[in-house]
Amino acid sequence: MSEQESRDNAAVDAVRQKYGFGFSWLVLMIALPPLVYYLWICVTYYQGELVFTSDAAAWRRFWSHVAPPTWHAAGLYAAWFLGQAALQVWAPGPTVQGMKLPDGSRLDYRMNGIFSFLFTLAVVFGLVTMGWLDATVLYDQLGPLLTVVNIFTFVFAGFLYFWGLNGKQWERPTGRPFYDYFMGTALNPRIGSLDLKLFCEARPGMIFWLLMNLSMAAKQYELHGTVTVPMLLVVGFQSFYLIDYFIHEEAVLTTWDIKHEKFGWMLCWGDLVWLPFTYTLQAQYLVHHTHDLPVWGIIAIVALNLAGYAIFRGANIQKHHFRRDPNRIVWGKPAKYIKTKQGSLLLTSGWWGIARHMNYFGDLMIALSWCLPAAFGSPIPYFHIVYFTILLLHREKRDDAMCLAKYGEDWLQYRKKVPWRIVPKIY
C-alpha cells in the first residue's frame with residue numbers, strides 16, 4: 001500500500017469516527033422498524049392521518065394492525081430474492097473492476113442491472129397477462145411482506161455478522177458484537193461471484209420498489225376504475241429515476257457505501273426494508289386518494305422533476321467526464337480546477353463552480369417532485385423529502401470532513417472558491 005493510500009484510509013477512519021453513529025446505532029435499530037410500520041398503518045388504516053394519542057386502548061388498536069407473516073408473502077419474497085440473485089450472477093452484462101480496496105486489490109463486478117430490470121418487468125407483465133399473477137398482489141400482501149422482509153433482514157444480518165468474523169486484517173470487527181451486527185464485519189461478503197452488498201444495494205430493493213408502485217396503480221384502478229394523474233406522475237417519475245440508475249449503475253461502485261461501509265444490518269435493512277417500503281409512501285397514499293391536479297400544477301411538478309434531473313445527472317456527468325479528461329470543455333470553456341498536493345483535481349467549473357454538491361440539489365428537487373402530486377391532505381407523502389434532506393445534509397458534512405482530512409489547505413482554498421455547499425446563495 002502506498003503512502004498516499006495509507007493517508008486516504010486514515011482519513012476515512014477519522015471521518016467514520018466523527019460522522020458515524022456513536023451510540024445512536026442502537027436507537028436506530030430499535031426505532032426504525034416500528035417507524036415503517038407506523039407510516040404504513042397511518043396510510044392504510046387512518047387515511048394518511050398521523051396518529052398521536054395518550055389513550056392506551058387506542059394505541060393497542062393501532063398496533064393490532066401490524067400484519068403477521070404469511071406463507072404466501074414468504075414464498076413471494078423468497079422467489080423474488082432468489083430470482084434476482086440468479087439474474088445478478090448469470091444475466092449478461094459487462095464486467096468491470098471496482099475501486100481499490102484497503103489492501104490495494106480490486107474486485108470484479110458484473111453490471112447487468114438494466115438487463116435484469118427490463119427482464120424482470122417483462123416476466124412480471126407476462127405472468128399478469130396470462131393470469132398467473134395478480135397485479136395487485138404486492139399491495140394486498142404489503143403488511144405481511146413488510147413483516148417477512150423485516151424478519152429476513154434481521155436473520156440475514158446475523159449471517160453476515162458470523163460470515164465476517166474471520167475476515168481480512170482491515171476488516172476486523174470492533175469486538176462489540178451488537179455494534180458489529182449493526183455495522184457489519186465484512187466489507188465485501190461474497191458467495192461465489194455474488195457480491196452480497198452490491199446485490200442488495202439495488203436489485204431486490206430498487207426493482208421491488210417499482211413493482212410495488214405498479215401494484216399500487218393497479219389497486220387504484222381496481223377500486224376506482226381509473227389511474228389518476230397524480231399516481232401516473234409518481235409512478236412515471238420514479239420509474240424514470242430507476243431506469244436512469246440502472247443505465248448508470250457502474251457509478252455505484254464509487255459511492256461511500258460500496259467503498260467504505262461494511263455490510264451489516266444498517267445497509268441490509270436500509271436496502272431491503274426502508275427503501276421499498278418508505279419510497280412507495282406516495283403511491284400507497286394515492287391508492288385511496290383520487291384527487292385531481294390543475295393543469296398549471298401538473299406542468300410545474302413536471303418542470304421541477306425535469307429541472308432536478310438535468311442538474312443531478314448533468315453535474316454527475318460533468319465530473320465523470322472531467323475525471324477522464326481534465327482538458328475537456330465545460331459549458332463552452334476550458335475546465336477550471338484546483339490541483340491538490342496529492343495530485344487530485346478539484347473541479348470548479350460548470351455545476352461544480354456553483355455549489356460543491358449541485359447533484360444533491362438536483363436530487364432534492366427530484367424528491368420534492370415525487371411528493372407534490374399527493375397534494376396536501378396528509379404529511380406522510382412528504383416524509384421522503386424530510387428524510388432525504390436530513391440524509392444529504394449529513395452526507396455533505398461527512399464528505400466535507402473527508403476532503404478536509406485528505407486535502408488539507410487545498411480543500412480550504414476550494415471552499416473559498418466554491419462557498420455554497422448544496423443550495424446556491426442559501427446553503
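Placement of Cβ uses the backbone N, Cα and C atoms for every residue, glycine included.
According to Swiss-Prot, P94 and P424 sit on the same side of the membrane. Residues K319, R323, L347, W352, N359, Y360, D399, C403, L404, A405, K406, Y407 are recorded by Swiss-Prot as NADP(+) binders, and the candidate that the same record lists for that site, out of Y309, Y414, is Y414. Pairwise Cα distances among K319, R323, L347, W352, N359, Y360, D399, C403, L404, A405, K406, Y407, Y414, which the record gives as the binders of NADP(+), peak at 22 Å.
Listed by sequence, the residues of this chain that lie at least six past the ends of the topological domain 'Periplasmic' (47-70) yet keep a Cβ under 8 A from its Cβ atoms are 37-38, 41, 141-144, 146-148, 151, 285, 288-289, 377-381.
For the binding-site residues N359, D399, the ranking by surrounding Cβ atoms (within 10 Å, all protein chains) places N359 first. Per-class residue totals from DSSP over the topological domain 'Cytoplasmic' (313-356), listed helix then strand then coil: 16 helix, 10 strand, 18 coil.
Same-chain neighbours of the transmembrane segment (142-162): 33, 36-37, 40, 44, 65-70, 72-74, 76-77, 81, 177, 180-182, 184-186, 189, 196, 212, 263-265, 268-269, 272-273, 277, 284, counting only residues six or more beyond its ends whose CB sits under 8 Å from a CB of the stretch. Taking all protein chains in view, 18 other C-beta atoms sit within 10 angstroms of the C-beta of L404 (NADP(+) binding site).
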